Amino acid sequence: MSEFKSYDVVIIGSGPAGSLCGIECRKKGLSVLCIEKDEFPRFHIGESLTGNAGQIIRDLGLAEEMDAAGFPDKPGVNVIGSLSKNEFFIPILAPTWQVKRSDFDNMLKRKALEHGVEYQQGLVKDVIKHDGKVVGAIYKADDMEHQVRSKVLVDASGQNTFLSRKGIAGKREIEFFSQQIASFAHYKGVERDLPPFSTNTTILYSKQYHWSWIIPISPDTDSLGIVIPKDLYYKECKNPDDAIEWGMENISPEIRRRFQNAERIGDSQSMADFSYRIEPFVGDGWLCIGDAHRFLDPIFSYGVSFAMKEGIRAADAIKQAIDGNDWKTPFYAYRDWSNGGQQIAADLIRYFWIYPIFFGYQMQNPDLRDEVIRLLGGCCFDCEGWKAPTIFRNAIEEYDRKQMVG
């Protein structure tokens, strides 16, 4: 095993969460190493950005680079219910984009390098502990094992949930939305709406947990996803191709119409049990950000936005912890902030799936419309005193009580 280096912060994973955490830590004068197992660019879903994510990108000074990369503007989200009924439109209040994640994530990685984040391609194998505190990691690179020491180890490994698998963070627990499988692929030649709505996200649903996304990720390429319950997938489908075909036939005729002359690019893929949470996700010398501790139903595209926001907020907690030699107060504050925002988003999504028609009505309610639009734009962590989250929570609690009685 080689000699080890020491850093203030070691980050596992260089997706949006890891890159933003690294950038913000470097701005605060901390030394940062990011260890990434995959060679970039690499494929990833999560291609539609909220308005909140768009603002973070502008704050990074990347707006011109986003436009130069050909990422389409995202005017809004069109939600279409069964048989094209129950349709409503969600405008985007802050400019943002649809993205090809391989290029977008690579852009964030380059920005992190510009800020002085050091990178190492390698596979993290284990953590190093001393007197119960996490003090580093062991990783494999170039067929050798290496040690690196850290004041804080950050798990930004996404759905690999590294620290959970190693027994450092809590166990991965299923969420309400977990019993689904998403199948997805990219296509050229998809029929789009007329400008200025041609680059909207389109969500089509037939009934609870049966839905599809269509996301324009470049001037000539669209992402199609079909999401169905796991038991239906295993009953009707042998592979992701079958699931996509099933969705075209059964979720909405609009999918077939738009894709009748389209050509698929590359293979289709699938992902199961994608909704989970992990508790605890902070501890002595470590914390988790983004998908490494929680992932919700992706219907409203919160994933990248929440990952970036948590990366930024975690950097604040890390700086406070190191400066004050306090490994509890700042990390617990980050935990509580994260849980609060994530729960508001989870309530909103559950409310939509339980009361989809009434959710559309709430979009037209003058007392709630602005709040709902802002929540859908990613402002779930900054909504103290708003009416909408309380309405959603009360309705869900009443629904759950009736389910227990009935």
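Cβ coordinates are placed from backbone N, Cα and C, and glycine is handled just like the others.
The FAD binding site annotation in Swiss-Prot covers Ala17, Glu36, Arg42, His44, Ile45, Ser48, Arg101, Val124, Asp291, Val304.
Location within the structure of each feature annotated in Swiss-Prot.
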{"residue": "Ala17", "record": "FAD binding site", "DSSP class": "helix"}
{"residue": "Arg42", "record": "FAD binding site", "DSSP class": "coil"}
{"residue": "Arg101", "record": "FAD binding site", "DSSP class": "helix"}
{"residue": "Asp291", "record": "FAD binding site", "DSSP class": "helix"}
Position of peak Cβ density within 10 Å, selected from the binding-site residues Arg42, Arg101: Arg101
For Asp291 (FAD binding site), the number of other Cβ atoms found within 10 Å of its own Cβ: 28
Sparsest-packed of the listed binding-site residues (Ala17, Ile45) - C-beta count within 10 angstroms: Ile45
Recorded FAD site residues Ala17, Glu36, Arg42, His44, Ile45, Ser48, Arg101, Val124, Asp291, Val304, farthest C-alpha pair in Å: 29
